[in-house]
Amino acid sequence: MPGGAILATADTARIEAPVTVKAYLMCVFAAFGGFFFGYDSGYVGGVLGMKYFIHQFQKLPYPPAGATTEQSAYFVLSSSNNSLIVSILSAGTFFGAIIAGDLSDWFGRRTTIIAGCGVFAVGVALQLASSTIALLAVGRIIAGFGVGFVSAIIILYMSEIAPRKVRGAIVAGYQFAITIGLMTASCVDYATQNRLDSGSYRIPISIQLIPAIILATGLFILPESPRYFVIKGELEKAAAVLSRVRGQPQDSEYIQQELAEIIANHEYEMSVIPQSGYFSSWANCFKGGLTKPSSNLRRTILGTSLQMMQQWTGVNFIFYYSTIFLQSLHTISNPFLISMIFTIVNVFSTPISFYTIERFGRRTILVWGALGMVVCQFIVGAVGTALPGNENATRALIAFICIYIFFFASTWGPGAWVVIGEIFPIPIRSRGVGLSTASNWLWNCIIAVITPYMVGEDKGNLGPKVFFIWGSLCAVCFFYSYFLIPETKGLSLEQVDRMFEETTPRHSSKWVPHSTFAADMGLTEKGTLAPEVIQHVEEKSFA
């Protein structure tokens, strides 16, 4: 292949091989990476409400047998400790996600994910060994680095190997794995909550090691991303990986034509975004200006703000602090059970997006999902504020929280991850996805830090009124998605680049691809990609 020609096409319908079961299975396994991200986010909320954990880490005397609800209500971690323990993981994940972008370009997507699993395991080991909040926090920040590696690069990896017609559903599987992790953590917390030894919190912590080991082991078998090999100029390896992922012979027309389109797109993007060094390659994420729809700056702002908006929906308030919040209502006898129900609703709602994200599109479900969350949030805030302590009102409050979770899980939960994996051009894709994921974790951290002070009984004590804040932010999400989110359904990653150049978010759903990059960048009369284009790519190494 070096120095030769690669079969190309000007037909926009033939730039990718037909979908195979093999491609599904590879992406489904990669999506498993969301499990320990979800589990780690889920277990901590229950652990913070466990009596033995509070006894050990807050150094408070254990509540006497038969203690009343009112007496037990004062047996809680301080707001500052709750804030530190929950948010410190997100701080580590923020930096991990940014670093992961560079590592995935230097060493590969697959290698970076495996390294993330290793770093995460070290952090879990420190948490298991901890008996003080200081060591627990150190373990969580190190685990956060590992989660940052995985959460950023899994999205990138799946977006680059998934077939375009089902890419949204496949990447949504990552969010589904997160919800399963959250539910599993809640079930484990429910099972160990009443243990009178360190097993009450060490068992939930230790179980995190299992999915990390499974993911790291499985990724040794899965292939590297073909687009990574194109970036490195290793076209023979790119063709071999495409053949493996698509289930087609390496010399088949489909494999040759898809590879030609990836090469041509890369060559085009490199001509528009020249690489001249490490710092300039980072600076490329912010070039192009705000007035140009296809500029890198516009895409970077879109990716980072979209992940910010996902956190503004307030869903992590439910999964981090629902146990503590429900305890503060003093009308629920078993808040651990209700928290577990929330995670079950989350799990069973997410698969709906597998269909809707491809049937109706990313933009549509984000708009309607935001509207549904607005209604539910304001109802929860109004009912909880107007009828405090009323058991029937509490039942209504729980019901609408469940409906709110349904709207999030079937729209914004998977939708935000799908979009950030699709909107960046090859030269900045790893860094763009890394920055977007880092934004998610930055706002995750900010919300985790401030929420205990907003709802803590020793601080703001907002109670159900906090849902007015989340509802107002969901209203912002509604207008944001209507005016700024483009439709990327059914397009290859290369076609998404062209769509950004030729239309606006509000009209993007009507855009239809009319040419290929291969046709524009060196397609010869014989239907092959020009040898000089291939040679140019092979001689370059993006770093």
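All positions are counted from 1 along the displayed chain.
Each Cβ is built from the backbone N, Cα and C atoms, and glycine gets one as well.
According to TrEMBL:
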TRANSMEM  21-39  transmembrane segment
DOMAIN    26-489  domain 'Major facilitator superfamily (MFS) profile'
TRANSMEM  84-101  transmembrane segment
TRANSMEM  113-135  transmembrane segment
TRANSMEM  141-159  transmembrane segment
TRANSMEM  171-191  transmembrane segment
TRANSMEM  203-222  transmembrane segment
TRANSMEM  312-330  transmembrane segment
TRANSMEM  336-357  transmembrane segment
TRANSMEM  364-384  transmembrane segment
TRANSMEM  396-420  transmembrane segment
TRANSMEM  432-455  transmembrane segment
TRANSMEM  467-485  transmembrane segment
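Panel annotation: around the transmembrane segment (84-101), residues 40-41, 44-45, 48, 77, 112, 116, 119, 123, 133, 136-137, 140-149, 151-153, 320-321, 430-435, 437-438, 440-442, 444-446, 448-449, 452 of the same chain, lying at least six beyond its termini, place a Cβ under 8 Å from a Cβ of the stretch. Per-residue confidence over the domain 'Major facilitator superfamily (MFS) profile' (26-489) averages 84 (mean pLDDT, predicted model). Under the criterion of 3 or more C-beta pairs below 8 Å, with sequence separation of 6 or more, the transmembrane segment (364-384) and the transmembrane segment (467-485) qualify as touching. Ranked by number of Cβ pairs under 8 Å to the transmembrane segment (171-191), the listed stretches 113-135, 203-222, 467-485 are led by 203-222. Panel annotation: around the transmembrane segment (312-330), residues 41-42, 44-46, 48-49, 69-70, 73, 76, 82, 86, 182, 189, 336, 338-339, 342-343, 346, 370, 373, 377, 384, 389, 394, 401, 405, 408, 412-413, 443-444, 447-448, 451-452, 455, 457, 463-464, 466-467, 469-470, 473-474, 476-477 of the same chain, lying at least six beyond its termini, place a Cβ under 8 Å from a Cβ of the stretch.
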